[in-house]
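Engineer: Pulled the feature table from Swiss-Prot, pasting it below:
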TRANSMEM  34-54  transmembrane segment
TRANSMEM  55-75  transmembrane segment
TRANSMEM  105-125  transmembrane segment
TRANSMEM  127-147  transmembrane segment
TRANSMEM  155-175  transmembrane segment
TRANSMEM  177-197  transmembrane segment
TRANSMEM  226-246  transmembrane segment
TRANSMEM  251-271  transmembrane segment
TRANSMEM  294-314  transmembrane segment
Amino acid sequence: MSGAATTEGAVTRFDAALVGTEARDWFALLKPRVISLVVFTGAAGLAMAPGPINPLIAAVSILCICMASGAAGAINMWYDRDIDAVMTRTARRPIPDGRIRDDQALGFGIGLSVASVLLMWLAANALAAFILAFSIFFYAVIYTMWLKRSTPQNIVIGGAAGAFPPMIGWAATTGSLGVLPVVMFAIVFLWTPPHFWSLSLYACKDYGRAGIPMLPVVRGARHTRWQILFYTLILSAVSLVPSFLHQAGWLYTGVASLLDAGFVACAVGVLTDRQDEAGVSLTGDRPARRAFRYSLAYLFLLFCGLLADHFLIMR
């Protein structure tokens, strides 16, 4: 009797572990790291919007942004399953590893996309729902199915997909758009190239093996280093636009200036990294890795500075 109970308990624990593993696989399909940044920038746009904020509408809107980001990520993983399988960085993703079927992933992504847009429409307004739908389409179709495999400017143009959340958040609570959410869009848009090109420098062989025309693969490492610095300088200028438009005060100006100085220093470090004649790093791309990590902190801290300035200084 006790033996049967022990066996039954073991089976129950095994089933629970299996369910937990499957849940983690589906969660991984949503690209949770991307979601975290997308949701944060969307919430920042919502919080910066003028007028009273309905807590329920705000919560549902952020949930919709989260769902939409995950849906686009799932469709991206479905379409990229062939190249994910040959890249070291992505080979263990759920679809190429055989843990989730590709048709399941596509159905999940489409269903989640429709649900997120309809819920945003019902809870917030048509403008927010339209921008949300367009952002899903832009990432899943324009970027994933067209730009990513056809041009080294894939990240530059495709970066618009990840830049929409501040506009969505703002529109969800106001039903309109203003200058500030457009500037926030521009900041994220210009942040995307140096962020991803830093990654592509030290993952260049992976991208080349998969046939993805990332800038270092097509134009070489040296050209990419100059482009990282170029876009970082433009980003630094645009990040100060809220101050010049009197949409932010001295606190944000100080935070942005310090963060910009750090980002430019990282970009200069990438440019002056010890290289061979082809521009390939002789240091294991340590400066590029440092720039990639810094870029993540940069965007988070920049928007934190904008929020802190809004609630502590500008009000």
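Each residue, glycine too, has its Cβ placed from N, Cα and C.
For each listed feature, how buried is it and what is near it?
Structural biologist: Tertiary proximity for the transmembrane segment (34-54) is limited to same-chain residues at least six positions away from its ends with a CB under 8 Å from its CB atoms, namely 61-62, 65-66, 69-70, 73, 162, 165-170, 172-174, 178, 180-181, 184, 188, 296, 299-300, 303, 306-307, 310.
Within its own chain, the transmembrane segment (55-75) is flanked in space by residues 29-32, 34-35, 38-39, 42-43, 46, 105-106, 108-113, 115-117, 119-120, 123-124, 128, 132, 135-136, 139-140, 144, 161, 165, 168-169, 172-173, which lie at least six positions past its ends and keep a Cβ under 8 Å from the stretch.
Cβ atoms under 8 Å from those of the transmembrane segment (177-197) belong to residues 41, 44-45, 48-50, 127, 155-156, 158-160, 162-167, 169-171, 214-216, 224, 227-228, 231-232, 234-235, 238-239, 241-242, 245, 247, 263, 267, 291-292, 295-296, 298-299, 302-303, 306 of the same chain, restricted to positions at least 6 beyond its ends.
Counting only same-chain residues 6+ beyond the ends of the transmembrane segment (251-271), those with a CB under 8 A from a CB of the stretch are 194, 198, 201, 225-226, 228-229, 232-233, 235-236, 239-240, 242-243, 287-288, 290-291, 294-295, 298, 301-302, 304-306, 308-310, 312-313.
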Engineer: Mind checking which residues of the chain, 6+ beyond the ends of the transmembrane segment (226-246), have their Cβ under 8 Å from one of its Cβ atoms?
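Structural biologist: Non-local partners: 179-180, 183, 186-187, 190-191, 193-194, 197-198, 215, 252-253, 256-257, 259-260, 263-264, 266-268, 270-271, 291, 302, 306.
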